[in-house]
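Asks: Swiss-Prot lists these features:
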- 15, 16, 17, 126, 170, 198, 300: UDP-N-acetyl-alpha-D-glucosamine binding site (BINDING)
């Protein structure tokens, strides 16, 4: 296929953190008249919705982690099957460029593309390069990064190929970014949003309702809480909020309009995945960020530190994320509107709303340069 009528293969794991930036890029590429095919794993069936691709192919994948040698061996066998399937897909499509968004589901299609001499572009959303991207980086044509700071974990010989584009965000996020920060009056209404990423987070359901119940009664009476909670945690969260004397509350397993709910919030409590951090920055909302613990790479801690250093967020390790500590944080922040307003402005200043367009331009440039060699 020629660059004049290009096809771009996107590879992304089937979670929101990987799919959202891929979706944003796909929309920009489609606007340029470029055909997009998405390669992903079976999880996409629950999260992809109407992904803007002319074709979606599911490729076997697994993560070779854990202590069990048997489990790791089985994962490697699955990845091998995925690689064989990916070779067939890449040969059939003959893409101008293959773009990977991290996670082990991207390894088979990107490795197949590299072996077939298709130009490959990696997008690293986090402040620490993931293991899959690090494995693929040596053979990548170019590496796009979501953060301006030096990304840790990039192989030394691949560092010269880095380009900072920012993290692409969905159209719904760009629409929400047009909403000004809500006014903060001394006795006026307050809105708190709590969520744990596209997969939810139990710790939010364990800590946030208990913390809200500890707030002063006058503060609770002004407060509306919107929280994403896992289905098994809904009843408990609703019961606690129902007894707290709040102005209003809403608890659900998933919010399709989450960007709009971010825009309506005075303060957000969330994990610090790359997409969440990028969306908070583009919309311009202050947040208490609780990085996911236990990660070998500590990527969420690094992401939270980026916004924290900008004055846009208040990072809290999960060991310190207790009802008592969160109640103190909420009381202090809601009692100091100037801190929230300053953090909102700092978040807005850290956002890159045109990241999808920057990345699309880099994809096209990569295809053109490859075609002229």
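Glycine residues also receive a Cβ, built from the backbone N, Cα and C atoms like all the rest.
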Asks: For the binding-site residues 15, 126, which one has its C-beta crowded by the most other C-beta atoms within 10 angstroms?
Replies: 126
Asks: Once the DSSP letters are reduced so that anything not helix or strand counts as coil, what is residue 300 (UDP-N-acetyl-alpha-D-glucosamine binding site)?
Replies: helix
Asks: Tell me the coarse DSSP state (helix, strand, coil) of residue 17 (UDP-N-acetyl-alpha-D-glucosamine binding site).
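Replies: SS state of residue 17 (UDP-N-acetyl-alpha-D-glucosamine binding site) = helix.
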Asks: When you measure from the Cβ of residue 170 (UDP-N-acetyl-alpha-D-glucosamine binding site), how many other Cβ atoms are you left with inside 10 Å?
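Replies: So the Cβ neighbour count for residue 170 (UDP-N-acetyl-alpha-D-glucosamine binding site) comes to 21.
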Asks: Taking the Cβ of residue 16 (UDP-N-acetyl-alpha-D-glucosamine binding site) as the centre, how many other Cβ atoms fall within a 10 Å radius?
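Replies: Here the count is 20.
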Asks: Counting across all protein chains present, how many other Cβ atoms fall within 10 Å of the Cβ of residue 17 (UDP-N-acetyl-alpha-D-glucosamine binding site)?
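Replies: The answer is 22 other Cβ atoms.
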Asks: For residue 170 (UDP-N-acetyl-alpha-D-glucosamine binding site), name the DSSP secondary structure in the helix/strand/coil scheme.
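Replies: Going by the DSSP assignment, residue 170 (UDP-N-acetyl-alpha-D-glucosamine binding site) belongs to neither helix nor strand, so it counts as coil.
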Asks: As a test of the contact definition, list every same-chain residue at least 6 positions from residue 300 (UDP-N-acetyl-alpha-D-glucosamine binding site) whose Cβ is closer than 8 Å to its Cβ.
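Replies: The list for residue 300 (UDP-N-acetyl-alpha-D-glucosamine binding site) reads 126, 271, 272, 273, 291, 292, given in order along the sequence.
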